[in-house]
C-alpha cells in the first residue's frame, strides 16, 4: 500500500528525532538508511523495537555506561535479540553488548552461578564470536564484583570452578566409552532416526549389562576364584547350550559360591561372601532401578504431550524433516514417502467428517472384542501349555538321562515367542482402527502381555515347585533354566535374522516382486530385547555370570541386525513417532519387566529356604537371615551401632515408610495441581493471543481505511502531518511508531506475495 | 613446558578466558605476593601447565594451534577432542585455504560449494539454507567459528529452544523473521521434490498456516513455530546431524 519511497521517507523522518534518544539508536538508524535499497522487514521492525526500548531509558542516561540492573528473563532477550543481529556487521561501534538488549542480558547473567552462566551462554542463539565477547564482558564484571566480595565468595567460586573442570574431564572420559558412533551414523544416514532408535535402545541396555557384569565380577566372582574348588566334571560341547554338566560347578551358578568368610592368612582382611553376594546384587538392581527411573522421567518430560493436543496434522510432517538421513537414495526415497504421506494426510482431512453408521460401529466393536478374546485366549493357552510342559519336563528328565532333553522347554517357549506375535499381526486384516497409532500400541500391549505371562508362569513354576521340591541346589537349577531360555532365544533371533530375513528378501525380490523389501519392525525387535533383559535381571541372583552372557549376546545381535538391515530392508515409509515410542518402551522396561523381577526376587529372598548344601546361604532358614545375623553381630560391636539404629528405625520400621509414602503422595498431589493450573493458564493465554491477533487486524484495517481517505482527500497534507510528528514528544512518537509498525507490517504482508 | 611465546599471545589468553584454568583473582593474588611478572603472563604459565597436564592425549598435543580450542569448549556443546576433530574435518574441506595455525586468528572462509560437498550435507534438501543461516554474511561461506556453531546447534546436546530458533531461521527463506506462505511453498517443494502438484502444495501451505498460526496474521512467527514444535516431540531427534 505504501510505496517504497514512502517507506524511505518514514525512516528518514524518524531518524531526525530530537536528542534524548541513545546513541545506538542513531547508529542503527544509519544502518537502516544504508540498506534501504533493499528494505527487508526485519530491519524496519528492529528499528521500531529499538525506539520503543530507547524511550524507556532515554531519561538522562549515559549511552555507553548504561547499566541496567533489572533482571530480565533470557527468553525475552532471545526474542528481542533476534531482531537486531544486524547491528554487529557494521563499521559503527554499535556492538551487541552496547545495545539495550545486550545490557539486559549481561546484567541477568552476572548474578548466576558460573555453571548456569555457561549453560545460558551456550544456549544463546548467537555466533561463537559474540558468545565469547559476552562471556568476556560478564567475566570482567563478575571478577570486579568478586574482588570486592569477601574471601568466602572467592573460595566458593574457585571450588565451583574446580568442580566444573572435573565434571568436564569425566564427561570426556565417558565419551571414550561411547562406541559404534560411526555405525550409528551410517544407519541413521540410510534409514533415519526411527530405525536408529532400536539400535540406541540396544546400546543403552548393553550399558546396564556391562555395569552389572563389572560389579559382579569385582565383588563376587574374583573373590570366589581365590577359593575355587577343583572342577571334577567332564566337559562336553553341549554345555554351551544346556548350561549343565561342566558348568554346574563353576562361578556361573549360585551353587558354586562359598558361604564362608574368605580370609587369606591369619591376619589378612576378611571377606564375608554371604553379605557380598546379597549386597552386590542388591546394589546392581538399585542402580538399574534409579537409572531406569531417571531415564523414564527424562524421556517423559521431553516427549510427553497431551494426547488431545497432539497434531494429527500436516505441520509436523512439513517441519520435522529427518536431518540425519544423508544417503542419496535414502533421501530420495524419503522425499517420495513424505509426498505420499502428505497426500494421505490431505485426503484424511477431507474425509475427517465421515462418521460411521451404527451398524458399522457395532461391527467394528465386535471385531475388537473378538480379537481381544482370541489374543487373550491364545496367551492363556500358551501359558498353560508351558506350565504343564515344565511339570512334565521334570518327570521326563528323571526317567530319560539324555542331557539334551532339557532343551525341550526353552525350545517350545522360543517357538511360541516366534509364532504368536506374527499371528497377532494378522489381526490387522480383521480389525480396523481410526487412528493408525492405536493399532501399534494395541499390538505392543498384546505382545507384551504374552511374553510377560510366559515369564510369570515360569517364575511361579520355579519359585513354587522347583524351590520347594527338595532337590539339592534348586537355585542352580533355576539358574540353568534361565540360561537355557536366554540362549535359545538368542539362537532363534539369530536364525530369524540370518535365515528368515534373507529368505524374505529372496522371495520379495525374485518371486513375488510386489512384496519388495520389508521394513524393519521396530516394535517387535524392541520387545524381544525387553524380554531378554527381563530374563537377565531375573537370573542375576541365580547365575551371576548372566550379564556377561547377555553382553556378548547383545554385541553379536548388534552386528547381525546391522548387516541384515543393510542387506534386506528398505527405509520406513511412514513417519514413526520414535520419541514417543521410546518413552513407551522404557516404561515397559520399567513397569512389567523390572518391577516383576523385583517382586520375584523379593519373594525369593524373604520366603524361600535356601538349599542346604550349596551356595553362599546354605543352611540358613531364609536368604534374608544373613542380613539379620549381620545386624545382630554389628549390634554387639560398639562402633557400628548407628548402622543398627538406621536398620531398626528406618528400614525395618513401618512408620518410616508410612511417613515417606505420605510425603511422596503430598508432593505428587502438589505437582499435579500445579500442572493443572498451568494447563488452564496455557489455554487462557492461547485465547488471548487469538484475541490480540483479531484486535491487530481490526486496527490495521481501520488505519488503512483512514489512510486511504486522507490520501484521497489531500496527498500533500500527508507529508506535512509527518513533519509535525517529529516535533512531538518521544512518547507520542512511540504510539505513532507503533501505528507505523502496524501499517508497515500490513504493507509488507501485501507486498510479499509479489516477491 | 614449551616456549609460551610461540604457543599463544598474552592478549589471546586474556581474551579467551577459559573455564578450565585459573581465575584472574588468583593471578592477582599471586602478583600481589610479589611476583615480577604481570598477572596476564602468570595466567599464561598456569594455564599452560594445566593444559599440558590435561587428559587430552593424542598426536596433536604438540601442535600449537590446539591451544586455540581451549575456549570454544564453553561456547559450543562439544568437548575439546570433538572440537579438534571438527577442525580437521573443516581443514580437509580446503587444505590449501585453511591454515593449521590458528594462533593468529586468520580470517579464512571456506566457500559454500565445498561446505555443501560434505557427506553430511550433500543430499540434504536444505543445505543451502543451513549454510546461509550459519555463515557470517549470509552467503554460505563459513569460517571455522560458523562451522563449529552449525554442528554445535545440530548436535544432540543442543536444547530444544535453540534448535527451534535455528530451524525457524532455516525455513524462513526470505529472512523476514516470519514464515509466510511463500516460505512454506519453498519448504514443501524442497521436501517433496516435485512429487506434489502446485494445487496440493498450496493446500498444504494453507493447512499448515491454519494449524500453526495462532494470531491469524497469515504467517508464522517464532512463537507460533516454537508452540508447534512443542507438539511434535520428534523434532529434537530429527533436527540432528551427526558428525
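Numbering starts at 1 and runs along the chain as it is shown here.
In case you wondered, yes, glycine gets a Cβ from its N, Cα and C as well.
In TrEMBL, annotation is done automatically, which means it is predicted and not curated.
Checked against TrEMBL, the range among A:347-368, A:369-390, A:479-500 recorded as transmembrane segment is A:369-390. Transmembrane segment is the annotation TrEMBL gives to one range among A:182-203, A:204-225, A:226-247, and that range is A:204-225.
Range annotated as transmembrane segment by TrEMBL, chosen from A:440-463, A:608-631, A:680-703: A:440-463.
Range annotated as transmembrane segment by TrEMBL, chosen from A:275-294, A:295-314, A:315-334: A:275-294.
TrEMBL tags one of the stretches A:650-672, A:719-741 as transmembrane segment, and that stretch is A:650-672.
Beyond the ends of the transmembrane segment (A:402-420), by six or more residues, the same chain brings 236, 238, 241-242, 244-245, 378-379, 382, 385-386, 389-390, 393, 396, 450-451, 454, 458, 480-481, 484-485, 487-489, 491-492, 496, 528, 531 to within a C-beta distance below 8 angstroms of the stretch.
Proximity of distant same-chain residues to the transmembrane segment (A:650-672), defined by a Cβ-Cβ separation under 8 Å and at least 6 residues beyond the stretch ends, is recorded for none. Beyond its flanks by at least six residues, the transmembrane segment (A:204-225) meets 251, 256-258, 262, 271, 273, 276-277, 279-281, 283-284, 287-288, 291, 295, 529, 533, 536, 540, 544-545, 547-548, 550-551, 554-555, 558 of its own chain at Cβ-Cβ distances under 8 Å.
Note on the domain 'TMC' (A:473-579): mean pLDDT across this stretch is 89. Residues 208, 211-212, 215-216, 219-220, 223, 257, 537, 540-541, 544, 586, 589-590, 594, 597-598, 601, 605, 616-617, 623, 626-627, 630 of the same chain lie 6 or more positions beyond the ends of the transmembrane segment (A:275-294) yet place their CB under 8 Å from a CB of it.
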